[in-house]
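As given in TrEMBL:
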type: BINDING; residues: 75, 149, 174, 204, 208; note: substrate binding site
type: BINDING; residues: 240, 241, 242, 243, 244, 245, 261, 364; note: NAD(+) binding site
type: DOMAIN; residues: 209-370; note: domain 'S-adenosyl-L-homocysteine hydrolase NAD binding'
type: REGION; residues: 1-24; note: region 'Disordered'
């Protein structure tokens, strides 16, 4: 059966218009719009907070006059965010932050709905930057807000159109890579506008990074390789929230999990959670799967790739595609063999091969899907950060990087509680006075660390029950 998404014609060579005659977009195939609309409608059911935000704030139009240029994964969940921003008064132009994660049918639905979207699955590097430029460089339209995932859009504007920052009110960044770039700019005194660090907000770290990756790592590996996890030796590079989620999922499936880490605090957490802390060179010859999730560069270099066992699966769960040194594998003596979509065998002269997933790019969004409900939490946080920066009075935020106010983190969480028919306990006046709190929050100081104690208790109780049930 012919699938139009397999059409090899570059979207840049096509002239497409939606049903209203608008052609200010560049996607794979506008004819997929109806299918994409159904995908978006499914996502809406699992994104209660954004839908509630639309309903509560639509009359006020808190983003009226906002011109948001975005560079994120273009999925059904992102589409719900974009349509929410539009309902709140914003105009949006969008590109993809990853060349493999775009859902073509969703991009088509957005284009049919009047959004200026420039993205398709399988872009080249040149296409990637061309799409970003088409979002930014348009006559008669200049952005005044940036929503970025990875920092590429912000970097492009700094490099090509620095004068645009005279009218830009703020940047909202969601990834560790992009936040790192912003802090570098701030430290060098080159950050021209306030920026909101969504990645380190409680709702992003403790829900998206942890719970999302705990589920999607297994989905991505299973869809691409059909691997059996029980008994497999896996090394996870990095024990931040993403690494914690990956390790917990793999351990629960019976894998033997090793962890590499540079931070002694995260390293101690890994040890206390029952994982063996190692250096990568100590286990690289024996492991069956290598997973990077550090946000760093050159974590897995050619030396390690050369020493891997035959059939080793190599993949990345961090945002950046620099963690695995894929460029070092594109040499004449190595043969690349495409097995299926996003799965390559890289074959050495002696016949050894490794299985490389998504060419070292983000596994879950390139090769599978991610839980919509968790993305609802992050998307709502992004929307509120945009509203906050856009409406902030002059002087509230300087040219620096800020965390989302604690009150907003709590608001995002509260919007998701009705899904579980959850009922919050309210403080009495006496209790609030005793704790020195406002009855309506915020309930924790900024330095408070939200640890996953419930998950730890659950694991302990599970082990106790298992031991009790075992015959003497």
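Heads up, the Cβ atoms here are built off N, Cα and C, so glycines get one too.
Predicted automatically and left uncurated, TrEMBL annotations should be read as such.
Shown on the structure are the features that TrEMBL records.
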residue: 75; record: substrate binding site; Cβ neighbours (10 Å): 23
residue: 149; record: substrate binding site; Cβ neighbours (10 Å): 26
residue: 174; record: substrate binding site; Cβ neighbours (10 Å): 28
residue: 204; record: substrate binding site; Cβ neighbours (10 Å): 26
residue: 208; record: substrate binding site; Cβ neighbours (10 Å): 26
residue: 240; record: NAD(+) binding site; Cβ neighbours (10 Å): 20
residue: 241; record: NAD(+) binding site; Cβ neighbours (10 Å): 24
residue: 244; record: NAD(+) binding site; Cβ neighbours (10 Å): 25
residue: 245; record: NAD(+) binding site; Cβ neighbours (10 Å): 24
residue: 364; record: NAD(+) binding site; Cβ neighbours (10 Å): 27
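Within 10 Å (C-alpha to C-alpha) of residue 241 (NAD(+) binding site) lie the following binding-site residues from 149, 174, 208: 208. It is 12 Å from the Cα atom of residue 243 (NAD(+) binding site) to that of residue 208 (substrate binding site). The binding-site residues examined here are 242, 243, 261; by Cβ neighbour count within 10 Å, the least packed of them is 261.
A straight line from the CA of residue 240 (NAD(+) binding site) to the CA of residue 208 (substrate binding site) spans 12 Å. In the predicted model, the domain 'S-adenosyl-L-homocysteine hydrolase NAD binding' (209-370) has a mean pLDDT of 94.
As a whole number, the greatest separation of Cα atoms within the NAD(+)-binding residue list 240, 241, 242, 243, 244, 245, 261, 364 is 22 Å. For the pair residue 244 (NAD(+) binding site) and residue 204 (substrate binding site), the Cα-Cα distance reads 14 Å.
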